[in-house]
Amino acid sequence: MEQTYVMVKPDGVERGLIGEIVAKIEKKGIKLVAGKLMQIDRTLAEQHYAEHIGKPFFEDLIGFITSGPVFAMVLEGDDVIKTARRMMGKTNPLEADPGTIRAEYAIHTNRNVIHGSDSPESAKREIQLFFEPHEILSYEKAVDTWI
């Protein structure tokens with residue numbers, strides 16, 4: 001079963017959207033196997049966004065992601081990386097398809113509510129960055145027997 005990392009960013013947490021976003025994900029049949037509300041410090045933010053070091057928007061990105069709490073999650077399911085990315089929608093909420101999380105909740109490209117891993121490699125790296133192995137649970141959902 002594939003796993004991915006998804007994070008409700010500070011703007012989503014501050015606007016009280018965690019529950020709605022998690023509900024949307026779970027209604028799709030995706031399993032939440034880890035989740036925690038946390039404050040990201042600069043060191044962790046720089047590790048997470050290492051590929052953007054040196055880019056003009058880097059300092060603003062670090063400032064934003066450390067500005068308030070985030071809700072970090074590990075999701076599990078068949079093709080969960082692709083499915084979660086499709087559910088999130090395009091980075092720019094004005095270009096996101098109707099019904100996607102960003103189309104419904106994001107206000108601006110720089111305040112787009114949610115982050116999700118874009119590949120199996122980034123998912124593995126981000127999960128290891130934000131979670132200890134013992135924090136990721138294995139369980140069966142009642143609906144699993146029907147799928």
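From the backbone N, Cα and C atoms, a Cβ is placed for every residue, glycine too.
Copied from Swiss-Prot, the annotated features are:
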- H115: active site, pros-phosphohistidine intermediate (ACT_SITE)
- K9, F57, R85, T91, R102, N112: ATP binding site (BINDING)
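A separation of roughly 9 Å, to the nearest angstrom, links the Cα atoms of H115 (active site, pros-phosphohistidine intermediate) and T91 (ATP binding site). Using a 10 Å radius centred on the Cβ of T91 (ATP binding site) and all shown protein chains, the other Cβ atoms total 14. Around F57 (ATP binding site), the C-beta neighbours below 8 angstroms that are at least 6 residues distant in the chain are N110. Among K9, F57, R85, T91, R102, N112, the residues given in the record as binding ATP, the maximal Cα to Cα distance rounds to 22 Å.
Within its own chain, R85 (ATP binding site) has G116, D118 as residues 6 or more apart in sequence whose C-beta sits under 8 angstroms from its own.
Annotation for K9 (ATP binding site): same-chain Cβ neighbours under 8 Å, separated by at least 6 residues, are F64, I65, V70, R111, N112, V113, I114, H115. Secondary structure at N112 (ATP binding site), as computed by DSSP, is coil.
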